[in-house]
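As written in Swiss-Prot, here are the features:
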ACT_SITE  His11  active site, tele-phosphohistidine intermediate
ACT_SITE  Glu89  active site, proton donor/acceptor
BINDING   10-17, 23-24, Arg62, 89-92, Lys100, 116-117, 160-161  substrate binding site
SITE      His159  site 'Transition state stabilizer'
Amino acid sequence: MSERLLVLVRHGQSEWNLKNLFTGWKDPDLTAQGVSEAKDAGRKLKAHGLSFDVAFTSELTRAQHTLKLILDELGQPGLPTSKNLALNERDYGDLSGLNKDDARAKWGEEQVHVWRRSYDVPPPGGESLKDTLARALPYYVQEILPGVLNGQRTLVAAHGNSLRALIMVLEKLTPEGILKRELATGVPIIYRLKADSTVESKLDLAG
C-alpha cells in the first residue's frame, strides 16, 4: 500500500515578522533567521527519511523561498511544484504594512485584537480567517488531497492562516479550536492519512 503522506510547513521568519508588521499579501522575503529555519526544516525531514513527489506553495516569495531551501536540503530541487494564491496568507487589508503597535494606537487594542483573533470579522479592506478558509479549503480538497490519497508524498509550504485551513479539516477542529492554534515558523508537521482522508498519525518536528 502506498504511503499517504502530507507535510505542512509555515514559511521561515520574514523581514516583516521581524519588524512586527502586518504582512498579509505584501511580499517581503525571509530574514537570515528565516533562511536558517527553512534549511533546518529540510534537514529534519531528511533525517526522518522523507522525500516527496509533489509540492504546493503560495504566490508569495517567503513561502516559495522556504520551499526552495527545503527542497535543496532534500536534494530535490526540481520537484514538481504548484503555486496558487489560494494558499496565500490572510489579506490584512488596511492593516498591511502597519506596525502592530501603531495599529493598536490608531484603532484601539480591543478592535485590533478582534480583527486578529475573531473567526469572521475582517479588518477594513481585508479578510477574516473564515474568508481565508473559504479559498484555501476548496483548493486543498480539489487539488492537494486527491494526490495524497493516491500515494503522492506531498509537501505544502505556506502561511500561518492558510495552513490553519488545512489543519482545521485534517484535525476536525472548531473555529474556536483553530483560532487557538499557533504555528511556529519553519517547523514541519508530518501527517499520515487513512484512506478516508482522516489523520492516522501526526508528528510535529518542533525543537
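Backbone N, Cα and C atoms are what each Cβ position is placed from, and that goes for glycine too.
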Cβ packing number for Lys100 (substrate binding site), 10 Å threshold: 14
Cα-Cα distance linking His159 (site 'Transition state stabilizer') and Gln13 (substrate binding site), given in Å to the nearest integer: 11
Listed in sequence order, residues with CB under 8 A of Arg90 (substrate binding site) and six or more positions away: Gly24, Gly126, Glu127, Ser128, Leu129, Asp131, Thr132, His159, Asn161, Ser162
Nonlocal neighbours by CB distance (under 8 Å) for the residue listed as 'active site, proton donor/acceptor', same chain, sequence gap 6 or more: Thr23, Gly24, Trp25, Ser58, Leu60, Thr132, Ala158, His159, Gly160, Asn161, Ser162
Spatial neighbours of Arg10 (substrate binding site) that are distant in sequence (at least 6 apart) but have CB under 8 A: Ala157, Ala158, His159, Gly160, Leu163, Leu183, Ala184, Thr185, Gly186, Val187
Winner by Cβ contact number (other Cβ atoms within 10 Å) across the binding-site residues Gly24, Gly160: Gly24
Neighbourhood of Trp16 (substrate binding site), C-beta criterion under 8 angstroms, separation at least six: Phe22, Thr23, Lys26, Pro28, Gly97
Residues near His11 (active site, tele-phosphohistidine intermediate) in space but at least six apart in sequence (CB under 8 A): Leu30, Gly34, Ala38, Leu60, Arg62, Ala63, His65, Thr66, Ala157, Ala158, His159, Thr185, Gly186
Surrounding CB atoms that lie within 10 Å of the CB of His159 (site 'Transition state stabilizer'), all protein chains: 27
